[in-house]
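S.K.: Features from TrEMBL:
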COILED    34-61  coiled coil
DOMAIN    6-139  domain 'Rubrerythrin diiron-binding'
Amino acid sequence: MQTFEDFIEFAIKREEEAIKAYGDLAGIAKTPGLKKFLLDLQEEERNHKKLLQDITEEKVDSLEIKEVDDLKISDYLVEEAPSPDMNFQDLLILAAKKEQKAVDLYSDLERKVSKKELKKLFEFLIQQEKSHKLKLEEEYEKHVLEGY
């Protein structure tokens, strides 16, 4: 990857993978609420893809970067392989782990580039993936940890 467009194309492919992953997880979700939650996350990934398709180097400066909390709940949980008999807890863990992997990937890329527009783009993508992880961990906290 050399050009801004190369990095955009790479990021779009990652968003497409996330769109598919959330669709697959929604397909095995056992409750309507979890299915809707996963489909909402899938829609956010579609919005990220659209944003990336429309972004230019000149527009990167307009991206707003905000700090996102990290509850770190999923950092200490074991990830299960996707399966039709996954429960709510396992689906949340799997999805949160996938979001963390995206954060790690974009963080690595952000450290490797020197061009300020690319750094800002990756900072924005990191923020987006962290916000998804936070939503998943808040759901985990609300529905799984609440009884403890």
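Heads up, the Cβ atoms here are built off N, Cα and C, so glycines get one too.
Note that TrEMBL annotation is computational and uncurated.
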S.K.: What does the DSSP secondary structure composition of the domain 'Rubrerythrin diiron-binding' (6-139) look like, as residue counts for helix, strand and coil?
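M.R.: Helix (H, G, I), strand (E, B), coil: 104 helix, 0 strand, 30 coil.
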S.K.: Roughly where does the coiled coil (34-61) sit in mean pLDDT, to the nearest integer?
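M.R.: When the pLDDT values over the coiled coil (34-61) are averaged, the result is 92.
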